[in-house]
């Protein structure tokens with residue numbers, strides 16, 4: 001006889017209960033552990049590992065017996081084996097619960113599990129339509145975004161399939177333009193712009209494609225060569241209201257109103273704007289004059305004007321008319337900048353940079369030293385080096401400790417340097433006299449005129465102040481003379497060199513020949529030498545000046561030139577083409593002059 005699963009479980013539970021009751025009766029009540037006491041109080045018996053193993057063995061034996069009985073009865077054992085195996089795993093995991101003997105609880109748990117499974121299935125079924133709904137919502141959002149973008153494009157005036165093309169060769173035709181952009185797509189329209197003056201092609205065209213993709217392909221031809229020109233391709237922007245001009249946003253710069261200055265600047269005027277149009281705009285204001293900005297050379301209008309009003313009330317009314325349309329263009333109206341006079345010496349302003357005089361400003365703070373060179377002051381180098389910027393005014397002089405000048409331009413330092421230079425000049429240079437004109441030259445027995453010229457550094461001192469050779473700057477004072485090796489003068493003003501040249505020139509005086517009367521200058525300057533015994537000094541006589549040259553002594557002395565009289569260094573190095581000797585030119589050769597005489 002085949003037993004059902006419920007009956008098998010009931011039988012097994014009865015056997016377990018009997019075995020438990022027998023084991024409890026056999027155990028000593030005194031040796032009961034704490035766990036057993038707790039189990040008895042909670043009515044939940046707990047089995048040890050050994051008892052669990054024994055129960056498992058008994059369960060296995062009983063199952064084997066049941067199977068044998070089923071086979072003997074001719075029942076199908078395959079189905080029961082699979083069911084028993086599945087159930088056995090559950091029984092092993094829930095052995096403790098089975099021992100409780102609560103059949104009702106397990107029967108209640110099964111329908112709850114089934115309910116939970118049904119709920120899960122319902123949730124899954126409900127999730128799928130939600131996902132579908134979410135997908136539909138996302139698609140709707142995307143469609144809305146695309147619509148918004150297209151609306152924005154239309155509002156901005158961007159036409160996706162129309163392009164602006166510039167830089168087209170002037171001799172190109174519409175067919176040539178179509179053939180050039182044929183690879184991009186189907187061209188619907190080509191609008192070529194012509195010049196209004198002569199009706200010739202201006203090199204600009206608007207091309208409309210069939211699709212937006214064709215326009216995108218054509219944008220790749222930007223900066224491409226077409227003939228001898230390069231193309232400029234941009235997206236076409238459509239103006240929503242072409243009749244009304246677009247107002248330009250102002251840059252934000254607006255000069256402030258100045259009391260008593262009622263001039264207004266008007267910019268962004270059309271080229272055909274006249275004075276009548278401006279007066280019509282300011283009809284509510286009292287206008288004194290209107291000046292249109294024009295090119296001085298061509299007289300063409302430059303697109304701006306200045307209007308002078310009678311009072312500040314008219315200026316305030318005029319400023320409110322900013323961005324009003326005149327001749328199709330919105331004009332800019334603001335206060336004009338006030339012109340500053342040239343005498344306004346305000347440092348730090350760019351408008352007065354040309355009229356700012358540094359000498360007048362800093363003359364009292366940093367006076368020119370008494371012994372400063374006249375050439376430095378006249379050229380403006382003194383003020384350029386001493387008072388160059390605000391940094392110089394903040395600096396302190398290392399020599400005197402005062403502000404306003406550098407140590408290189410310190411008056412005390414310059415005065416000391418000039419005193420030292422003057423003392424050296426008193427020892428090393430010659431007490432000379434200013435150059436004098438001499439037209440009556442003494443004649444020799446051979447009726448020849450002589451030109452006596454003596455070189456002294458004192459002549460150079462009279463050439464507009466201190467010269468570079470006698471009383472130069474700090475560089476001259478620090479240099480050494482190449483002739484004598486001493487400091488304080490250059491080799492061109494060395495006393496020893498000048499003395500030697502006087503001896504060489506004296507030999508030339510004896511070789512000169514009588515010549516015709518010539519206008520020359522004689523500089524008779526006595527030079528001191530190092531020899532204390534030679535108190536008389538030496539004179540240098542030069543007669544190699546050319547006949548047709550007339551020298552203005554006063555101008556030569558003032559300009560510090562004396563090119564014809566004081567050029568011994570070059571003349572001494574040259575050779576005469578007539579006699580082959582050094583020291584004179586062919587024009588002053590004694591042999592040549594003798595032949596001519």
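Cβ from N, Cα, C; glycine included.
According to Swiss-Prot, the protein has these features:
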- 20-29: compositional bias 'Polar residues' (COMPBIAS)
- 43-53: compositional bias 'Basic residues' (COMPBIAS)
- 112-129: compositional bias 'Basic residues' (COMPBIAS)
- 161-238: domain 'RRM 1' (DOMAIN)
- 262-338: domain 'RRM 2' (DOMAIN)
- 18-136: region 'Disordered' (REGION)
- 112-119: motif 'Nuclear localization signal' (MOTIF)
- 397-411: zinc finger (ZN_FING)
- 481-495: zinc finger (ZN_FING)
- 576-591: zinc finger (ZN_FING)
Across the whole of the zinc finger (576-591), what does the mean pLDDT come to? Round it, please.
-> 85
For the zinc finger (397-411), jot down how many residues DSSP puts in helix, in strand and in coil.
-> 4 helix, 1 strand, 10 coil
Using DSSP, what's the helix, strand and coil tally for the zinc finger (576-591)?
-> 5 helix, 1 strand, 10 coil
